[in-house]
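Participant: Got these off TrEMBL a minute ago, pasting:
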{"type": "BINDING", "residues": "51, 54, 55, 90", "note": "heme c binding site"}
{"type": "DOMAIN", "residues": "38-112", "note": "domain 'Cytochrome c'"}
{"type": "SIGNAL", "residues": "1-24", "note": "signal peptide"}
């Protein structure tokens, strides 16, 4: 009786571990796919998906500041740093991959 209980418990535990492992792998694959899709997007699309709710669809500002001429005020590296780490009331944007952030910062730096 005890042996059957132990075998049953071990079987259930093994199934839980297998299911948890599969779920983790699926999440990792999903994150890779999202990052790949984001990097292949044009910078204006990255902006639209991540920034426009505060900065407006045409960079005119709103809750966040106007970015239409941000390139005349900040360098690409400064813009990328703000996207990554946030500044003042703007929160960091960790969902934007390094490559997409670089592409977005380059695009914004050209706005003069």
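Glycine too: its Cβ is placed from the backbone N, Cα and C atoms.
TrEMBL entries are annotated by machine, without manual review.
On this model, are these features tucked inside or out on the surface, and what's nearby?
Facilitator: Annotation for residue 90 (heme c binding site): same-chain Cβ neighbours under 8 Å, separated by at least 6 residues, are 54, 64, 82.
The helix, strand and coil residue counts that DSSP assigns across the domain 'Cytochrome c' (38-112) are 40 helix, 2 strand, 33 coil.
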Participant: Looking only at the domain 'Cytochrome c' (38-112), what is the mean pLDDT?
Facilitator: 96
Participant: Suppose the heme c site is 51, 54, 55, 90. Which further residues of the same chain have a Cβ inside 8 angstroms of that site's Cβ centroid?
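Facilitator: Sorted by sequence, the hits are 52, 53, 63, 64, 65, 67.
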